[in-house]
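Participant: Dropping the structure in here first, questions after.
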Number of protein chains: 2
Amino acid sequence: MQFQLTDELIKQVELFIEQENDKELKTLLDEFHYADIAEILDELNLDQAVYVIKLLDSETTSDILTELDEDNREKVLKNLSAKEIAEEVEELDSDDAADIIAELPEARQQAVISQIEDEEHKAEITELLTYEEDTAGSLMAKELVKVYETWTVAGCMRRIRGQAKEVTRVHSIYVVNKEEKLIGRLSLKDLIVAKSEQKIADLVKVNVDYVNVEEDVEEVAKVMAKYDLEAIPVVDENKTLLGRITIDDIVDVLKEEAEKDYQMAAGITGDVDSDDSILELTRARLPWLFLGLVGGIGAFLIMEGFQDTFKTYAVLFFFTPLIAAMAGNVGVQSSAIIVQGLANDDVKGSINSRLIKEMLLAALNGLILAIFLFFFVWVSKGEMNTAFAISVSLVAVIIVAGLIGTFVPLFLNKRGIDPAIATGPFITTSNDILGILLYFWIAKMILGI
Amino acid sequence: MQFQLTDELIKQVELFIEQENDKELKTLLDEFHYADIAEILDELNLDQAVYVIKLLDSETTSDILTELDEDNREKVLKNLSAKEIAEEVEELDSDDAADIIAELPEARQQAVISQIEDEEHKAEITELLTYEEDTAGSLMAKELVKVYETWTVAGCMRRIRGQAKEVTRVHSIYVVNKEEKLIGRLSLKDLIVAKSEQKIADLVKVNVDYVNVEEDVEEVAKVMAKYDLEAIPVVDENKTLLGRITIDDIVDVLKEEAEKDYQMAAGITGDVDSDDSILELTRARLPWLFLGLVGGIGAFLIMEGFQDTFKTYAVLFFFTPLIAAMAGNVGVQSSAIIVQGLANDDVKGSINSRLIKEMLLAALNGLILAIFLFFFVWVSKGEMNTAFAISVSLVAVIIVAGLIGTFVPLFLNKRGIDPAIATGPFITTSNDILGILLYFWIAKMILGI
């Protein structure tokens, strides 16, 4: 199994393409899983990738398409006719098929759909395309094994043999009544262990988890992770069974969410990766840097306002990067803990008790750091007064930074805004400015200047 | 299904406990999934939680224990006897059982194991406890459905009916030869669709993914996510089948990894959450703040060193927070992209080409920001020379910050160190100091002082 994407392998594939040695190329690629072939294609140029896609049979290439890097898939699809894309899509489960079609330009979507020969598949895909992004409907597949409560185990097994051929993996068998409403579920194991004359109605587990078709995918992920589910049925408001979501799609959702949050904390917006173009990366990074620049100009204006003090207490100005760094770091720590707690539904109790806890925590951290700083300044500069002023300011700055870091994500969350935007540059920048202002103000007061 | 943890519900549970109204309490809790009951218990005090655990039957409470918050579980287990814990553990799959026992103090582990009555279960748990943390062995369960290649479908179905009762979910049926070596797998679906007189050897899919028992769990997660697997068999170096890992455990691994990386980027070490004590949170946060303090002192020393040069250019000092912030932000952005790319095996090609790309990217971003800053300083201060010096320094600082942000995680990764430690405070602090040094040095050169 342990597939290794080596330079030799890619060179070998490129050579076979150049020689148009289709037989050897097919033999070579047939050894690999479609996800591995997708990795190889991601390394080839567009012409080479299209060559391979047109060479292999559509059962394999349809799966390869779903695994390709999004940018590369877009380019490859541009090089295929509507008819060719329709053939690929016929091989896929309805959810993967709908995902691929959804990425096409509007005009092409209709062209491809009209070329799909299987009428049932066409109707399923068309239905899936109607659901909004990031809802359960947009993630679900129509393929599932469904039985009616009135059937017997033996009848059930016969029908499952028929239905199961179309369904890649049978997780659960969903039991519906004659109005197609979800009643419960059965596992294949239950069926196998049961006697063939037993009625489904006697075996069905009615305590079944389900999600509404309009539910947010993050919520679906939370439910499935919490209850350790491998598949969950999707229903409409009348509890009519519409489809199912499987755990492998949820794994992808969790990974994407984690990457998005991580990037947001680092001041990167949009879904970029290290292989994107310089222009795409600039678009994702520049806005946050610009925010930092504006914050820096704010800090400049504050310091300019205090410049008269500079003549006698230049040393105060030399500690502004320290103050800004501490304010930023404490703010990011506090907000990260809150953002994560909110994501896990871990943050209970009132905002006030949170703020009091963070204040105590910041005070403790601040005090320890301030004592260290006090002795450093006292010993190195020999000015106890200055040392005292700087240290007291530091404690105050850290407490305020902690409170802002705690309050902002809680506030955003209450307003229905994703609190993750609060970590990273946003909190760093506002804490920088506020911290420096507070620092000069307190120091000035203590030094009596 | 939609379970809501409300204050009313918790008050109701607390009231029943106070009244020792066991009947009503049981009726109330029986409605809920064990994961929901665990959420309720996490809100109760220790005595109340232990009361509920002792009230409910061990089939439910064993599952509840696995879902409790780690700190709470530790406390509850302290209040149970070795015998009582052994009874809970008997109800669990081997992997969950081993996880619970592994959390106990050494001395208690032996006491609990010796009280387990089921000899096979005891042996399995003891085996699982021998595997190192974060290896496939530490995550796998011993429960699986195994058949021999020489069997027929009919014989197979009979045996599966027996084995399946002990296995919560049948994902795959693993086929072994008479030396217990993994040969391939079968799905339940394949068996159901097959004819009863067929030989397993004719049906088995030999192209089966597997992992070595000593493989890192992150690697296992990558393989399972890439190939959309719901379970993967675990083997030793002789390919002897030892156990299996299921996707629900991988979902937990992915979530933990994401949280760890997110916290690390925010300057928090150790696995803390917002409900932990102030002391635990301080221990996780203070070291990084201290690093920031040391960095700030470094920046102070640099600025002090330049103070004579700049008696006439105080304005330069007012821009140090801006310079430090930009250096920090660019560094964090660059390192975050690289860290994520490394985690996804997306970073291919040489370090040099990465550094060149990042240099161009940083130069582009830096130039845009510097032009803006140039006009701001020129217009507001009326000094074109100063404006020019500050802007040129900014571009240089941004380029160097980007290069460091790219190089450090790549370097750490080559050395086998987790590159995630490079994002966050580590890169911010070093970029702060270096950025300020570079800034003063270049400004001094341009201004000719």
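Note that Cβ sites are derived from N, Cα and C of the backbone, with glycine treated the same way.
Remember, it's a predicted structure, so these values are computed and weren't measured experimentally.
Feature list, courtesy of TrEMBL:
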DOMAIN    A:140-202  domain 'CBS'
DOMAIN    A:203-260  domain 'CBS'
TRANSMEM  A:286-303  transmembrane segment
TRANSMEM  A:315-339  transmembrane segment
TRANSMEM  A:359-379  transmembrane segment
TRANSMEM  A:386-408  transmembrane segment
TRANSMEM  A:420-442  transmembrane segment
Participant: Residues sitting near the transmembrane segment (A:286-303): Cβ under 8 Å, six or more positions beyond its termini, same chain?
Facilitator: 267-269, 317, 320, 324, 424-426, 428-430, 432-433, 436-437, 440
Participant: Cβ under 8 Å to the transmembrane segment (A:315-339), counting only same-chain residues 6 or more beyond its ends: which ones?
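Facilitator: Contacts of the transmembrane segment (A:315-339) (Cβ under 8 Å, skipping residues fewer than 6 from its ends): 261, 265, 299, 303, 309, 347, 354, 358, 362, 365, 369, 373, 377, 381, 383, 386, 389-390, 393-394, 397-398, 400-406, 408-410, 419-420, 422-424, 427-428, 430-432, 434-436, 439-440, 443.
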Participant: Let's see if you can do this one: DSSP helix, strand and coil counts over the domain 'CBS' (A:140-202), in that order.
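Facilitator: Taking each residue of the domain 'CBS' (A:140-202) in turn, the totals are 21 helix, 17 strand, 25 coil.
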Participant: Tell me, what is the mean pLDDT of the domain 'CBS' (A:203-260)?
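Facilitator: Averaged over the domain 'CBS' (A:203-260), the predicted model reaches a pLDDT of 90.
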Participant: When the domain 'CBS' (A:203-260) is classified with DSSP, how many of its residues are helical, how many are strand and how many are coil?
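Facilitator: The breakdown for the domain 'CBS' (A:203-260) reads 25 helix, 16 strand, 17 coil.
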